[in-house]
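As structure tokens, the structure follows; a few thoughts come after it.
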Ligand code: NAD
């Protein structure tokens with residue numbers, strides 16, 4: 001039922017804030033308090049159809065705007081994002097729950113994407129070969145592709161949209177964003193600041209909603225490409241339906257990231273890094289550490305340090321100073337996490353730290369404390385599934401070969417980290433591990449904007465990843481011209 005005390009968000013189409021035609025809404029909660037902070041419209045096919053139409057008309061003019069002029073708008077946008085850094089971070093904490101330090105870091109990651117996209121004049125350059133045969137030359141020119149649809153998850157309301165629209169519009173496309181219905185507020189600020197930067201109407205649009213809007217984008221004839229980030233089943237669905245409709249699709253999916261700790265590692269560094277990677281952002285990161293394969297000879301020492309550090313974590317509202325671990329996104333997700341903890345116990349894993357008993361777990365927000373299982377095996381659900389919560393599984397292994405076997409057994413292959421001081425082990429890990437983003441002695445190997453976010457296997461569907469040169473390729477198409485000067 002509609003809560004009349006709170007604002008119902010509007011869609012942003014053609015530079016105007018308009019009410020959705022559909023009167024269906026969903027409540028948006030502050031996950032730290034359980035309070036409703038807004039209502040988000042669950043827009044209809046008609047709403048998305050209108051937005052794509054407007055974006056398609058805007059494309060005709062926007063693609064003709066000289067590339068340096070488009071870049072200048074992004075320079076202005078970058079300045080505005082920097083000026084509004086704290087305000088944006090606070091909004092992220094309120095709607096997502098992560099702590100302010102992490103939220104500020106997320107804003108930084110978003111800004112870095114804008115900075116990278118502002119290099120469009122360089123990135124869009126073609127290539128020439130002045131002599132392909134006697135008197136003949138060839139060159140490649142790069143062009144935008146049209147209307148791009150972006151579908152984003154709840155866990156990075158700023159960074160993930162910024163993986164998409166800055167590069168898409170810098171390269172001359174127009175964009176329709178469907179933000180997560182669970183964290184839709186930040187997107188509205190991104191649009192307001194874009195408008196302030198001087199972006200022409202219709203180049204960037206927002207349609208709030210859920211699967212109807214997604215299907216509307218996937219089926220619309222005037223949408224040329226889809227950038228998706230979210231869970232594995234939805235990514236697979238989006239990739240199949242989008243490509244069946246002959247669209248270019250990049251679909252970044254779920255994960256189950258493994259860290260490997262060898263006996264020669266700096267155990268203090270390994271336990272600190274893995275603690276941050278497992279419990280930072282309440283484990284709601286596609287690059288979260290969710291499994292540690294640790295060599296038996298150092299397992300006890302590593303686990304002792306990890307548990308000690310986990311006991312020192314401050315749980316609470318991410319707006320409060322010193323808080324490290326905030327809430328999960330929704331009550332339903334908390335219930336799902338608690339049921340995984342029960343499953344782990346039933347499967348025979350040893351629960352060595354129980355996040356259900358932390359004081360905050362009883363509060364109104366959706367809190368679960370750091371939870372650690374030892375003696376986990378690959379036959380257990382808690383090893384197989386992406387729990388997306390502060391639940392860490394430890395698998396004891398005899399050596400690096402076994403650790404790599406365990407890791408490669410997972411159908412997911414987003415990130416993987418190795419903790420060691422041995423060069424030979426690093427080389428073996430790099431050459432044989434199934435993962436697209438690797439870290440050595442670090443916990444979260446998330447690449448910067450100028451490198452691709454390159455998940456493998458069931459963590460990614462498509463050819464061209466988000467960010468880096470892949471992003472430029474994804475949002476452009478090429479013409480090759482062959483000329484004889486007569
Ligand atoms: P989600 O799949 O539930 O939602 C993602 C988007 O898809 C949302 O906009 C949502 O409205 C839409 N959606 C959900 N169900 C749908 C359906 N049945 N049909 C059509 N559209 C649907 O994901 P989430 O819970 O918001 O985000 C967390 C997931 O995202 C995790 O699995 C995480 O690993 C993944 N993720 C991956 C990356 C990456 O780079 N690989 C980055 C961030 C998050």
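In case you wondered, yes, glycine gets a Cβ from its N, Cα and C as well.
Automated prediction, rather than curation, is the source of TrEMBL annotations.
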Candidate from 154, 419, 429 that TrEMBL assigns to the same NAD(+) site as 178, 181, 182, 386: 154
From 181, 182, 386: binding-site residues whose CA lies within 10 A of residue 286 (active site, nucleophile): 386
DSSP-derived class (H/G/I helix, E/B strand, else coil) of residue 286 (active site, nucleophile): coil
Cβ packing number for residue 154 (NAD(+) binding site), 10 Å threshold: 21
Residue among binding-site residues 178, 182 with least C-beta crowding, 10 angstrom cut-off: 182
Count of other CB atoms lying within 10 Å of the CB belonging to residue 386 (NAD(+) binding site): 21
Largest CA-to-CA spread of NAD(+) binders 154, 178, 181, 182, 386, angstrom: 24
PLDDT averaged over every residue in the domain 'Aldehyde dehydrogenase' (17-480): 98
